[in-house]
Amino acid sequence: MQIIGLTGGIASGKSTVSTIFREDYKLPVIDADLLSREAVLPGSPGMRQIEAAFGREVLLPDGSLNRSRMGELICGDSAVRDRLNAILHPAIKELYHASLERLKRGGKPLVIYDCPLLIEAGQREEVDEVLLVVTDAQTRLKRIMERDGVDESLAKKKIEIQMPDEKKIALADTILYNNGTLADLKNSLDFYMKEKLKNACIMS
């Protein structure tokens, strides 16, 4: 089984690439965002740790995570973000390995691991290849403002708290630039997949 680690900064278009892999190429995708939600289900060990670390102010009345409030806290304080990640990353990693085992038993030859914090979470060595989606800063700003309904200042802050693209590029195996149309993105991905399949044939 080969594992492609798909990553990219906020509003880079990573989720669109993930959808294309799933719908157009029929590849199994392990989604770290879904795993993170599973890790903080009401009553879960992760949720109990979050409540102990940050108090009930980050919980909704039903006991689920108040993502809006948590987002405000981590945007304004790197120490809070680090504490949250110290809780989430190990839980997500455990769920990832469980998902991977199920796919291995199913005989899947190629799996996509869609993980926005793949490098930051120390999972670089757990995939065979890192595919990084990169988009220019202005496009990302515009997408965040439109998608999240926030002003430019907050949109910039959401970008700035993440690892800079330059550092990610240095650690990635393949860069997928997403500065054009959806058709452009699909063409780039098609070229990437053809090269991957061709290399697989050569190596087999």
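Cβ coordinates come from backbone N, Cα and C, glycine included.
The annotation ATP binding site is assigned in TrEMBL to Ala11, Ser12, Gly13, Lys14, Ser15, Thr16.
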What other residues of the same chain, not counting Ala11, Ser12, Gly13, Lys14, Ser15, Thr16, have a CB atom within 8 A of the CB centroid of the ATP site?
Gly8, Val17, Val133, Thr135, Asn178
So if I measure Cβ to Cβ from Lys14 (ATP binding site) and keep only same-chain residues at least 6 apart in sequence, which ones fall under 8 Å?
Leu6, Thr7, Gly8, Asp114, Pro116, Val133
Set of same-chain residues at least 6 away whose C-beta sits under 8 angstroms from Gly13 (ATP binding site):
Val133, Thr135, Asn178, Leu185
